[in-house]
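*Asks:* My questions will all concern the structure given below.
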Amino acid sequence: MANVTSTWTEPSNTPLTLLLLGKGTDPASERGVDCPGDLPAPSDPDLVARATAAKAALGSRVFVLGHHYQRDEVIQFADVTGDSFKLAQQAAARPEAEFIVFCGVHFMAESADILTTPAQKVILPDLAAGCSMADMAVLGQVETAWEHFEDLGITDQIVPVTYMNSSADIKGFVGRNKGVVCTSSNAKRALDWSFEQGSKVFFLPDQHLGRNTAVLEMGFDLDDCVLYDPHKPKGGLTDEQLRNAKMILWRGHCSVHGRFTIDSVREVRERVPGVNVLVHPECRHDVVRAADYVGSTEYIIRALDAAPSGSAWAVGTELNLVRRLALAHPDKQVMFLDRTVCYCSTMNRIDLPHLVWALEELVAGRVPNVITVDEKTAHEARVALDQMLALP
Ligand code: SF4
C-alpha cells in the first residue's frame, strides 16, 4: 500500500469563518479577536487552587461576574451570577472594585464598561468570547437600513429598539435615534413605550424576541411584522410592506435558542406525559406558541424554584443553566428540551485556564483584555439604557 501523508492547512479567514480559539483578528465583529497570553493547560491540576489564590490576593479590588450560561468551573468563582442586565447593574453597584472580570460575552462586558466609572476596568478573560446574535447586526448594515427608511419618509414614525444582546455601537445608534434598549424581561414594557412615541418599531437584532413579544404579548398579527434581511437589497421588502408594517424585525437570532424546534416539543410531550415545557423568548415563534411557559433566564430560574416536587420540566435554554437547575432540584424532573447538546460555544470560550490567566495577570500588575467603549458611543448607548431604566 502506498504511503500517504497529508498535511492539514488551516483555511484563510473568510467573512464567515469561525475563528479558532483565540486565533485570528476581526475587530469589526464580535466573532472574536486575538487572545494574547500564556494560558495554563486545561489539565493543570492546580487550576482551582491558582484561581482561589489569585482571587484572594486581589481581595475587594476584583469583582467577578458570572453569566448563567457559563461553565460550572467558572461559575464557582463568580461573586454574583445573573443575566446580562443584572450583571451590568451589579458591576455599576461596585465602584470600589478596580477590576470587573466579566465571565460572559463581549457585548455584556461593553455594557458593564458603559455603566461603570472611568476608573474601573472591565476584563473579558477571552477576547474571542463574542455573541453570534450581536454579530448579526453590524452598525454599517443598520445605518444603511435606516437611510432606506429615510428615503421612504418613515423614520419619524419609527422607534428603534435593541435587545440588550447587541454591540455598544448598535445601542448607540438606538440612543441617538431616540429609541430604547430592552431585555427579555421588559421587552413588552419597552414596546408599549415605543408605540406611544411612534407607530412602528425597528427591532434589533433578535427577530424572535421581537415577534414573540409583539404577537403573543401585545396582540399584533404575524402579518404586522416584516423581516428585514440586511443581506438583501432594501432588506428584501417592498416599500409597501415597510410602510404597512408595525414591527420591522431585524433578521438576527440566537444560535442556541434558535435550534429548538416544534419537533423537540412534540417529542418530549410524547416521551414524558404531563411535562411542562418552559422556554426562553429567543426561541422560534412556533416553539414558544407550543410551550406552556415562556420567560427570561431569571423567570426560568424562578419558575423551577416555585415548581412542586415531582413535577417534570423540559427547559429550552442554554445547557449549562439547565444542568445546574437539574442538579439544584433533585426532587423535580428537569430535562433539556432537545436531546442534542446545545451549549453556547462563545460563552464556553471562557474556561478556567482563561480565568486563572486573567486573575494572575492582575496579581502581577498587568491588566489584560480590557473592554473599552469610546466616549461618544458610550454616551449615546447610555441614553438608550437610561431610557430603559425609566420605562414605566
Ligand atoms: S446564548 Fe445566544 S444570545 Fe446568548 S451569548 Fe450565546 S449566541 Fe449570544
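Including glycine, each Cβ sits where the backbone N, Cα and C put it.
Predicted automatically and left uncurated, TrEMBL annotations should be read as such.
Under the heading iminosuccinate binding site, TrEMBL lists His67, Ser84, Tyr163, Met164, Asn165, Ser184, His280, Pro281, Glu282, Thr297. Annotation source TrEMBL lists [4Fe-4S] cluster binding site at Cys131, Cys254, Cys344.
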*Asks:* Using the Cβ center of Cys131, Cys254, Cys344 as the [4Fe-4S] cluster site position, which other residues in that chain lie within 8 Å, going by their Cβ?
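*Replies:* Other same-chain residues near the [4Fe-4S] cluster site: Tyr69, Val105, Ser132, Met133, Ala134, Asn165, Ser255, Val256, His257, Glu318, Thr346, Met347.
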*Asks:* Specify the secondary structure state of Tyr163 (iminosuccinate binding site) as given by DSSP, simplified to three classes.
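*Replies:* The three-state answer is strand.
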*Asks:* Taking a cut-off of under 6 Å between Cβ and any atom of ligand 1, tell me which of the binding-site residues His67, Asn165, His280 pass.
*Replies:* Asn165
*Asks:* If you skip the near sequence neighbours and keep only those at least six away, which residues in the chain come within under 8 angstroms of His67 (iminosuccinate binding site), Cβ to Cβ?
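*Replies:* Looking at Cβ-Cβ distances below 8 Å from His67 (iminosuccinate binding site), excluding near sequence neighbours, one finds Thr81, Gly82, Asp83, Ser84, Leu87, Cys103, Gly104, Val105, Met108, Met347.
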*Asks:* Spatial neighbours of Cys131 ([4Fe-4S] cluster binding site) among the binding-site residues Tyr163, Asn165, His280, Glu282, defined as Cα within 10 A: which are they?
*Replies:* Asn165
*Asks:* Which three-state DSSP class does Cys254 ([4Fe-4S] cluster binding site) fall into?
*Replies:* coil
